[in-house]
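The following features are taken from TrEMBL:
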TRANSMEM  42-60  transmembrane segment
TRANSMEM  67-87  transmembrane segment
TRANSMEM  107-127  transmembrane segment
TRANSMEM  139-157  transmembrane segment
TRANSMEM  181-203  transmembrane segment
TRANSMEM  215-235  transmembrane segment
TRANSMEM  241-261  transmembrane segment
TRANSMEM  273-294  transmembrane segment
TRANSMEM  306-323  transmembrane segment
Amino acid sequence: MGWTRVLAAALAGSTVALVAVAWSLAAWLGWSWALVLESFMITNGMMALSFGVCGGILAWHRPGNPIGWLFAVGALLQAVATSALSVGDLGIQSGTSEPVLRLLVTLFLYSWPWAIGLTIPLALLLFPDGRPVAPGWRVVVILVVVSAPLFALQMGAAPEPAEEGFPNGYLTLAAYDQLGALWRVADLRTAGAYLAALLALIVRYRRGSEQVRRQLLWLMVALVLVIAANLVWSLVSGAPIEVLLAIPLIPIAVTVAIVRYRLLDIRLVASRTVSWLLLTLGVLLAYAVLVALLDRLVAAQLGRSAAVTVLLVLVAAPLLPRLQRVVDRAMYGDRADPARVVSRLGVQLTSASAGIAGVVTSIRQALKLPYAALLHQGRSLAADGDRPARVEVTELSFDGEVIAELEVGLRPGERRLAEADHRVLTLLAAPLAVAVHAITVSAKLQQSRERIVEAREEERRRLRRELHDGLGPTLTGIAFAADAAANHVGDADRVTELLASLRRDTRTALADVRRVVDDLRPPALDELGLVDALRQRADQLSWRSDGAPVQVQVEVPVEIPPLPAAVEVAAYRIATEALTNIARHSGAAAAVVCLQCVDGLQLSITDDGPPNGPWRPGVGLQSMRERAVELGGTFDAGPTPDGGSVRATIPFAASPMGATPMGATT
């Protein structure tokens, strides 16, 4: 155990012991309850115990935070004041000398003011971390500390006995009554110290993190209760001494806020406290007004108090739920009104400027949550607030599939979201899922557009390269050969030779043009149509690489409708590549190409080649798969017990032009 813990325990123990001695002596000396109250024996003792125990706990657990030590020292001084009177009364009854009694009175008068005038406002200025809210506030802290003796002098220097039968204490001022201006300054100093402390708390709340705000809420609830207790009694019949018993709520709240601020949902506590406080103040105000109005009207018939009480009950009963809803909205947002939240979300979703980030922000603000985020495949689409340690996730489903998650942070002190929060989030899940689906579809569409643009540019680059490297030099050679022939018109042999070279170059150029055009779109598709083009290609690929024939049959069980150009090209390329692979690798004697239009164009190429193990994916298979998939289709290829099989399904939109006979030109 370190010396700080020993000191903390000693201070708290001494405080408890002194209060116990004071109360025991008062009981033994036969003090009446009225005397115990009027001498502040009970109130000072309770304040000493609460500040002492709480200060000891804080100093024990947070020795680096000066608030605990302030509470502990202030409580010890309160305990000294509490015990001084009872010990002094014992001295009076036992004939103790006057100097000793005056010393005890001086201890009483100059001990208790330090807790009220220094330790409490200073602790509030330093709450919760033991430091001023900003560097500039150090001046305020210094002024409060330096001016504290003025408050103690104001409370202890009056030349009058502390209690009846006691002598005056030391350090009194005979000219006390002539120093009215100084005491007014002392009053302003005390009021200024507490106002500065409250202002510091407000500044901390506005600037602080969620943890700091939660700690401040504990203290604010205690302060509200203390102020309310004094205010209520002041409005009714003047504040009695007993209202000081509310002050121990302050050290208790401070201790909980610093040591165990997550103990309860302080927002709920604050909500209920504020609601009942506002209702109480409203009832008291109404009581005063109604008493004045009904004093003459009903005093003789029903009795003023009875009439006022009945009216207040009739007013307060329906008022409390309404007031509670107002306060709950300030604490928890609109979770009690799911329709309002969903309506606000709808407005956000229809706003182009808000975007998904605005939607997430709106959800967090509507429910007063510390954090909210929309996640898609583990990636954050939008987030707002600082992510706390505890979060809850709501799945967003579209068409039976979970496509995203809404992650929200728990409010400080909450172990789980309330049922009202879950109801709101459940209502929000459906429109949010639709919004996320729209975002993902839009993103995929944009990616598709980018791929199309990229493919187009690549195709342009390829065409430029083909024309520049192939056709360009050939045409240049033709031009040179024509010029050379013109220069040798008189030499028949030379001209014949040049014309022969010119013919070869021209044929080469034509072949290059045909190859480029064929790469863009097979001419046979425009000349013959898909079915006949496939039959022509099948005839060209009816021989295996070893010279053996392959009987290729193209089957079209039913007529096919007009097809989009992209679908025709994809089907032709896939079938051509499959037949080429059969001729090169399969060892098959027969192959069948089948075309059907059922839920899209279904293309199958099968052969009777002997099985030779799993197919290794190569450029050809990859190319066929890409052609089918890029049009939204499916592709499957591999060996079967009867031979090889290539199957592709390519969707397309039905054409209103009607069906085209098999083999007709499209």
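Backbone N, Cα and C atoms are what each Cβ position is placed from, and that goes for glycine too.
Automated prediction, rather than curation, is the source of TrEMBL annotations.
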> Can you say which of 42-60, 67-87, 139-157 has the most Cβ pairs under 8 Å with the transmembrane segment (241-261)?
Replying inline: 42-60
> Short question: which residues 6 or more past the ends of the transmembrane segment (181-203) have a Cβ under 8 Å from it?
Replying inline: 116-117, 121, 124-125, 127, 132-134, 137, 140, 144, 147, 150-151, 153-154, 216, 219-220, 223
>> Using a Cβ cut-off under 8 Å, which residues of the same chain at least 6 positions beyond either end of the transmembrane segment (67-87) come close to it?
In response: 8, 11-12, 14-16, 18-19, 21-23, 25-26, 29, 31, 39-41, 44-45, 47-61, 104-105, 107-109, 111-112, 114-115, 118-120, 122-123, 126-128, 130, 162-163, 166, 251, 254, 258
